[in-house]
């Protein structure tokens, strides 16, 4: 995919002829499918997103499931159990659990695929009008072909990637008149081959001997909706699987959690242990047979096999007997738990945003526990930390600044301007500076009039008339805010066609001819428009970032310095800025430039670069008018969220395309940066990195100790540090003056590389906060990759726009915010919600709970399987290592399915060590997840030894009880079947009570599951040991009457109680010691909460007493946090304003007192 992005498209191979289906089936457009079978390279329009059909579901699904190592392992066991010489267990003991696991997974896959089938069928059967046999006929989407001319109506979905030919708007883009559509077969399109570039299309159209340039603006992409026109006609260029939206639906990189990787390694460890134990027991059987078995006449089985061969068979027999050490139901149980946890996220009403009716959405079910291990968060700024709802707040015109103070102080300064004199004014628009309105209405300042005329003309906004009101549809909130501001100040954008723009200048309606539109992109950082006024004058208007505008200003342009000062002040107030300028163009100059523009627009190779070069030729010698300042307010709860995440030891990096000053001040506003932080900029960072590199070069390479020694910290002084760097710094430092030595550093994709990148990551990770400004989308993704690569840290990226998609996909977890910039980020994310503040609940509550639940589930799951399986190991010492099982066959079959599965599943779904309020109140509770303390190899071996201990008790206490025993009826119940019943009963009760001890959050469901599992065990056991079922299946159910015979003996009930008690007593003691002497982080905060509640009860205020004096506060109504820290710091607020505010506060306080 990356290669396809950089390679130039091959135009000559993709030709489309209008209204000529036979043309696209010519031999030159055929491609080989299989052997000599060929078909057209042009796809049909039917789409197929499903994976299976009736014939392929069973074989394909089984093939996919058996690619999982555990399933393949159990299939191998099943084959071994069919071999009589080595089979020690009936085949159904493995078949039943395997079929159950495969069936559950297959049902899940089937439900998902049926939904895809329904969706495909619905889409493929949508109706559309296609030009056939000289008239438009209704046709299904799946029957549309490349080259067809289609007619679409308002609000219709677009069936394929089509070239717009004409529309119902008489002044709109129109290559072909409606009456000529049937004869459009002479139209020939040559363009790039199908690709996944949603932001690019290049081609030409040959029509009536005239060649027209085609780009993305001429295309209507599949999946979009027709708006702002009653009907339109288009030519199908790409259909079905070749459309851009389908090309983007490829396989996404599969993300796996750390626990997933660890769990797989542990399964491999168990498998190695299984082989070692089976080999040891096989060797034991070999020696036992030589010493005892071959000499005992009563053990002769009629087979003349030597000891080594019997040992070999015994090895495979023990592989079968001990197979439950590798848990077959582990993976399906994990998937069930993850699905439930995802549903809890979806159902969380505290993450629901009512204003947009947007709930939280877990778009994946495989990463929930990873949310509890996040170490670094990479966040976009605009629309993520801020609301991306822009408001025009300030401007500077001819060196004079107009507008309001920063948000929060306007009430003290003045009242809003009354725009009632303008019938087109937007009632929601507010502006506080009356002098600017007076200046505009007086019409004395030509620069001010030209300023707002530029805002009303230089844009790509569409307008729609709704009930005597103008509704603007802008590509970005910034453009919408600027055009709305011009509208309120008397310059109203009314309508546009392909060639004209009509505005109302105060009381006069004027139409300008649009000669060229030089659109904005992330490289140009500006847009321009060339217009011809009614008096014939040609003028270019331009708006863009100050960094690119100032490079192109005329030497004669005035007010450069004063405008730059104003821009700095605006940036310090966290406002977004744009510079406005113009230039007059002579007729001859424009004609010469237009010819170059026409040539560049139809070039077939590197068209964008050719157009950029032409644009540069006319975007120069500009005259500066001024600059705009737009406020993008912080979202609610952002400072509090960042503060809580910081307390959880989660480091936040902000990656934004904004100016350094704006990004820095937003950092202070959201409390990512604080006054006690030492901020380091590019020059300081350069110096520290240069010193580190010099020290590395001077180190003796021969000394191994020096190479292994940990490097000195970049910031040895105590205190907090923060980095603020730019995308340009990343490039410039990588292109430093010294030529890098081979292998020392490279520059790939505008980011630092080895070993400079290691030093940069080490330095950045020592800081509490990092802000990268003026970075491109690719640089955002590269910065995330660096931290993942060199810190092996769990990362999360959060953003709301298309420019954040790379970053979201690169991080371990991607979060999309459904904001003002569309749904691209959400569609690429793993989790989605509407506000940044919900991130703290997603991580500190759901993430933490999911991690703790999964860890507890895995620890217990391994424990119960070890306790169950290793009883066979101890039994082998008393059975001549003969692969004899210690339990009844059906108990082995359904132990993991019915007797011990439900309680641990509920713990994995519902358990809580503390509630959600405490999880948010004490962010330090999040630390164990970051450090991986709850599930690692240490915990695994603790579970292993715990299982070994439990299996020892479960085997040897009943063994001792059965050794010399007489029942109350005078019979000795020391038979093998009674022993199997007692050990199985002890095991089931022990493991179910063990999960009860591990349960922190009890509900009725948990209690029912524990008691129900024990009850189900006894119910099924008495049934399969009954005489009735033995009569029906005499060879399968052989333990006839064993349960009723054994469990009528009180002595054996006492044995079961003693076994369970001794198994659980050490666990109870250890848990008591942990709670009292070695409490966990959760225990400490739980005790702290109880202590605080007791203290609150003690400090409860006494009841009101009549006559008691009370003192009113002078700040009775100041319940919200003020701006004292900002005012005292002086970083973001002008000193003049700070003094004024303090004066007002003092006056108010004095008056109140």
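Here the Cβ of each residue, glycine as well, is placed from N, Cα and C on the backbone.
Listed in TrEMBL:
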type	residues	note
ACT_SITE	380	active site, 4-aspartylphosphate intermediate
BINDING	380, 381, 382, 479, 520, 543, 576, 656, 657, 658, 774, 780, 803, 804	ATP binding site
BINDING	380, 382, 800, 804	Mg(2+) binding site
DOMAIN	18-95	domain 'P-type ATPase N-terminal'
DOMAIN	124-169	domain 'P-type ATPase A'
TRANSMEM	92-111	transmembrane segment
TRANSMEM	265-289	transmembrane segment
TRANSMEM	309-334	transmembrane segment
TRANSMEM	857-878	transmembrane segment
TRANSMEM	890-910	transmembrane segment
TRANSMEM	940-961	transmembrane segment
TRANSMEM	1001-1020	transmembrane segment
TRANSMEM	1027-1045	transmembrane segment
TRANSMEM	1051-1073	transmembrane segment
Cα-Cα distance, maximum over 380, 381, 382, 479, 520, 543, 576, 656, 657, 658, 774, 780, 803, 804, record's ATP binders, Å: 26
Model confidence over the domain 'P-type ATPase N-terminal' (18-95) (mean pLDDT, whole number): 80
Number of helical, extended and coil residues in the domain 'P-type ATPase N-terminal' (18-95), per DSSP: 34 helix, 9 strand, 35 coil
All-chain count of other Cβ atoms within 10 Å of residue 576 (ATP binding site): 21
Cβ-Cβ under 8 Å with the transmembrane segment (92-111): same-chain residues at least 6 beyond its ends: 51-52, 57, 61-62, 64-65, 71, 74-75, 77-78, 81, 320, 323, 328-329, 331-332, 335, 889-890, 892-894, 896-897
In the chain carrying residue 774 (ATP binding site), residues 6 or more apart in sequence that have Cβ under 8 angstroms from it: 656, 657, 658, 659, 660, 726, 727, 728
Leading stretch by Cβ pairs under 8 Å, where the reference is the transmembrane segment (940-961) and the options are 857-878, 1001-1020, 1027-1045, 1051-1073: 857-878
Lowest local Cβ density among 380, 382, 520, 800, 804, which the record lists as recorded positions, within 10 Å: 520
Within-chain partners of the transmembrane segment (1027-1045) [C-beta distance under 8 Å, separation at least 6 from its ends]: 90, 888, 890, 973, 977-978, 980-981, 1021
From 380, 520, 576, the recorded positions whose CA lies within 10 Å of that of residue 804 (Mg(2+) binding site): 380
Other parts of the chain folded back onto the transmembrane segment (309-334), taken as Cβ under 8 Å at six or more residues beyond its ends: 68, 70-71, 73-74, 77, 80-81, 83, 85-89, 94, 97-98, 100-101, 104-105, 263, 267, 270-271, 273-275, 277-279, 281-283, 285-286, 289, 293, 854, 857, 861-862, 865-866, 868-869, 872-873, 876, 881-883, 885, 892, 895-897, 901, 904-905, 908
Cα distance (Å, whole number) from residue 803 (ATP binding site) to residue 380 (active site, 4-aspartylphosphate intermediate): 9
Contacting positions for the transmembrane segment (890-910) when only residues 6+ beyond its ends and CB under 8 Å are counted: 89, 92-93, 96-97, 100, 324, 327-329, 333, 336-337, 340-341, 853-854, 856-857, 860-861, 864-865, 868, 980, 984, 988, 991-992, 995-996, 998-999, 1001, 1003, 1005-1006, 1009-1010, 1012-1013, 1016-1017, 1020-1021, 1024, 1037
Inter-residue C-alpha distance, residue 800 (Mg(2+) binding site) and residue 382 (ATP binding site) (nearest angstrom): 8
The domain 'P-type ATPase A' (124-169) - residue tally per DSSP class, helix then strand then coil: 4 helix, 25 strand, 17 coil
